[in-house]
Amino acid sequence: MRILVSNDDGYFAPGIAALAAALGELGDVTVVAPERDRSGASNSLTLDRPLSLRRAANGFFFVNGTPTDCVHLAVTGMLDQLPDMVVSGVNHGANMGDDTLYSGTVAAATEGYLLGIPSIAVSLASWSATDFSVAAQVARDVAARLMRSPLPAPVLLNVNVPDCAGGAPKGTRVTRLGKRHKAEPVIRSQTPRGETVYWVGAAGAAADAGEGTDFHAVANGFVSVTPLQVDLTHTGQIAAVDTWLSA
């Protein structure tokens, strides 16, 4: 089995090292990841300059681009054979609800999905955790199950693992995406030279975190697995918009 691994935290991140080691138990792993932290890059492709591909001392490849660039470059220009699976992560911090629209971790998996490859995004729901071994083993188990018993194509799974402080999650829940409140306002600051600058504010708190959501599962100690798709069509409004335009 050939597995392509990427992330948005960068090729040097501990989460991707743990993930690559765990997935190495299943087959041949190739790591292609950004040269620096590209969190929040979403599905952006670099179109205004060429990309470079280099190899680090640990054997991982890194690209001066986005997570989407990494997967696109690897699949369409680097690898001699298509990977059987793309796995992105382990992200340092959750990617639940609206996070999935901004997440570079989810975007790397989405690019694999768009290229016809079963893909998984994996995140550890903690900003302070330093041990990614449990999340990496969860990723390995999900990938192994998908390998043994494939789901109907196309496949894009978003996996969030609770921080269990060295213990094990209570189990796994198949969930839908929850929803956050709108983000906090930008933070205004000044440079030492007096220039006004802005920092993007924190993500909003969970607004829809009821039973069945990814937020609820993780908050209660369960791994959340959410099947995703890319079709953004608001099917329920097609008739209403048609009537509106015809009036």
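Placement of Cβ uses the backbone N, Cα and C atoms for every residue, glycine included.
Source: prediction; values computed, not measured.
Going by what Swiss-Prot states, the divalent metal cation site holds D8, D9, S39, and the candidate of N91, N95, N158 recorded there is N91. Sequence-distant contacts of D9 (divalent metal cation binding site), defined as residues of its own chain at least six apart whose C-beta falls under 8 angstroms from its C-beta, comprise G15, I16, A33, D37, S39, N91, H92, T105. Surrounding the centroid of the Cβ atoms of D8, D9, S39, N91, where the record places divalent metal cation, the chain contributes additional residues within 8 Å, namely N7, G10, A13, G15, D37, R38, P67, H92, G93, S103, G104, T105. Counting other Cβ atoms within 10 Å of each Cβ, the binding-site residues S39, N91 show the lowest value at S39. Under 8 Å, Cβ to Cβ, and six or more positions away along its own chain, D8 (divalent metal cation binding site) finds P34, D37, R38, S39, G40, A41, T66, P67, S88, N91, S103, G104, T105, A107, A108.
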